[in-house]
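Asker: Just passing along the structure, written as structure tokens.
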Amino acid sequence: MFCGIKTDYGAIGMDTTRSKVNANQGRLKSIMDWAQAEGKRTGIVTSTRITHATPASTYARIYHRDWECDTKVPAESVGKHVDIARQLVENAPGNKFNVIMGGGLSPMGALRANEPNTVRFEGDTEKVCTRGDGRNLVQEWLKLGNNESRVFVQSQEDLSKVNFKDTEHLLGLFRNNHLTYAIARQEGEPSLKEMTLAALQVLERGDKSNGFVLMVEGGRIDQAHHQNYARAAMHEVLEFDMAVQAAMDNTNEEETLVIVTADHSHSVTLNGYPKRGADILGFANKTTELVVYETISYANGPGYYEHLANNSVGAIGAEVWLPLEEFTTNQRMSPTYRHRATIPLNDETHGGEDVIVFANGPGSDLVRGVFEQNYLAYVMSYAGCMGPAKDADDRCHAGSSGTISLNKQSFVFMGTLLLLLNLFYS
């Protein structure tokens, strides 16, 4: 979606010719490279680590998405591939971003001691790598540039005090790992909406710039589903929805293309015939029936283990599962309650359905029908007069009085991804 090229699972900014021992092989340019080449301001906002797969795909070129710290690069690739966190600070387009906000203090070598954590969530995503080279990449980021205004913040309070219009580059890292699920947000963590609004204020410079490109990710929706945390996932969807609304309310739809989509579905299922107005997280049928089941369940995942009845080997039908009535209301309303899954896995899988793409603003007419995901990069290229499709529209070179100068368009890409791209009148 960001480079316009289909590639291998796990690859970041590289095509299928990638090599573990040659970091120059298979390298691609992303929408952020294209945008910066046209003088656009750029930024990323995420509820995950800033080095996680989706944000990394906007700036990094590396064999595997897991190589976020130097300690994760395998021996055969050390000295050939540079870890994702270093690429953000050392290489363009990452080191030219005007906005970087999310989690990930640990991969950046700025681990915070005694971080508050009042709710214990499970899963591999709760683990984070640490650096082995002793480098503090935040301090290195602060030293970049030629006397440009650079601001680093670590809390919602710090963020609220920033003079955005006087800030050229903003780095906000609010957790060692990902931001906490919104349902259990810890003190000092900003919401996705707050980060989105801050990003827009730093990026928007009116006729003093050629527009901007902003990628906003509600990445913890995916991670909640992987653990069958349906309630937490719903809260993350609400977080994302409010961020999308904030982007729509604070951009000009005649100048800004907003794209909202996801990179995949999940194995989550809506069951039964619940009554209108019933709690989406509640029961799908009457509790007097033989098997009581919830409206939301999963085809696979760790929820299997929590709902499996004791001594259920060889059992059939309802006897396989613990009756849902045995779970207390407090248990089922807990942030860490897992909905039932029918195949036991430690981590729930993605699904195979097509996902929807929503678009509004200049170029949104290009988003229709059924298409492959890499097509979106060319939508942004064409609409934003940047990258490989720049010369396909003569208006990209217009600029006389009273015409729309398409080379000043801005994008917001949201998604589980939101992408913003901006047009101005000249």
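Quick reminder: no glycine exception, Cβ is built from N, Cα and C everywhere.
TrEMBL lists these features:
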BINDING   H52, T54, E217  Mg(2+) binding site
BINDING   D222, H226, D263, H264, H350  Zn(2+) binding site
Asker: Just name the winner among E217, D222, D263 (the binding-site residues) by count of other CB atoms within 10 A of its CB.
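Answerer: Its Cβ has the most other Cβ atoms within 10 Å: E217.
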Asker: Fill in the CA-CA distance, H52 (Mg(2+) binding site) to H226 (Zn(2+) binding site), as an integer in Å.
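Answerer: Distance between the two Cα atoms comes out at 15 Å.
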Asker: Which has the fewest other CB atoms in a 10 Å radius around its CB: H226, H350, the listed binding-site residues?
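Answerer: Per-residue Cβ counts within 10 Å for the binding-site residues H226, H350 bottom out at H350.
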